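As given in Swiss-Prot:
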| type | residues | note |
| --- | --- | --- |
| REGION | 1-27 | region 'Disordered' |
| COMPBIAS | 1-12 | compositional bias 'Basic and acidic residues' |
| DOMAIN | 38-280 | domain 'ABC transporter' |
| BINDING | 71, 72, 73, 74, 75, 76, 77, 78 | ATP binding site |
C-alpha cells in the first residue's frame, strides 16, 4: 500500500455547495453502547537498551468519547498515547510487545501503512507548534501534501477546520497573516484545526493546555467537548480538575502500569485501588 494517500481517499465526499453552518450531530448514544475503536492488549514498550516503560497494558476506548490519561511524571501515559499512532517509532532503538488495534486493525503488524494511520489518528502536542507560515497555509499544509491542489477544495477545508476549532470568526479576515502572530491559545486551536484538516477519526492530545492561561484553557476544553461529537479523543493531562471537567473515562498510570481504568466519575468518587485514591487525594504527587 502506498504511503501517500490519494486525495480521493481522504477528502472524498466534500460538498462544495453546502451551507457552512452545519447541523450538529445527533445526540450520542450511552457510552456503554458505543463501539470500541481502540483496543490495547498486553502492550509493553521498551526504550533503547530494553528499558521498559509500559507493562502489560490492557484497555478499550469507545468511539466519540473523551478519555484522559493521568498519573505522575514519567508514569508512561504519554508513551502509551504516542504508541496509538506509532509516533514512538521515531525513537531510535525502541520496541514493543503485544498489540494495539485501531478500528479492528492491528497497527504494529508488518506492512502497516503508518502514514495512513497518522492521518486517521491525529496528534496535538503539549506546546503549540504552528509552522512559520500563514494561518491559511498551516491549515491546508497536510491536505496539500496528500495531493489536494484545488483552491476551492483547500478553501473549504480551511474554513471547515477553523470553524470546528472555534477559530474561524477570530481569524477569517487575516488568513494570510503569520500564524506565529496569534496568541498561545489561538495557536493551539490552530494546531487542532491543522489536525482536523486531515479528516482524522481519532485525536490524540498530549497536555494541550499545560502552557495556556485559564481563559485559553477553558476555550480549548469547550472545543474538545464539542469535538467529541465527531471524533474520539484521548488526552494526557496533569490537571485532575481538567479530567473531571471534560472526560468520560479516566486511566491512572503509575510506574508504567495501568493501575485503574473506569468512568471518570467512579475514578474520582469511588476508586477501587488505594494507589488511585492516594494520587487523586494528593497523598502521592508528581
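The backbone N, Cα and C atoms fix where each Cβ goes, glycine too.
Listed binding-site residues: 73, 78; maximum Cβ neighbour count within 10 Å falls on 78. Sorting the binding-site residues 71, 72, 74, 76 by the number of other Cβ atoms within 10 Å puts 71 first. Other C-beta atoms found within 10 angstroms of the C-beta of residue 77 (ATP binding site) number 28, with every protein chain shown included. Annotation note: residue 78 (ATP binding site) sits in a helical segment as assigned by DSSP. Same-chain residues with CB within 8 A of the center of the 71, 72, 73, 74, 75, 76, 77, 78 CB atoms, the ATP site residues themselves not counted, are 79, 253, 254. There are 23 other Cβ atoms within 10 Å of the Cβ belonging to residue 75 (ATP binding site). Secondary structure from DSSP puts residue 73 (ATP binding site) in coil. In the predicted model, residues of the domain 'ABC transporter' (38-280) average a pLDDT of 94.
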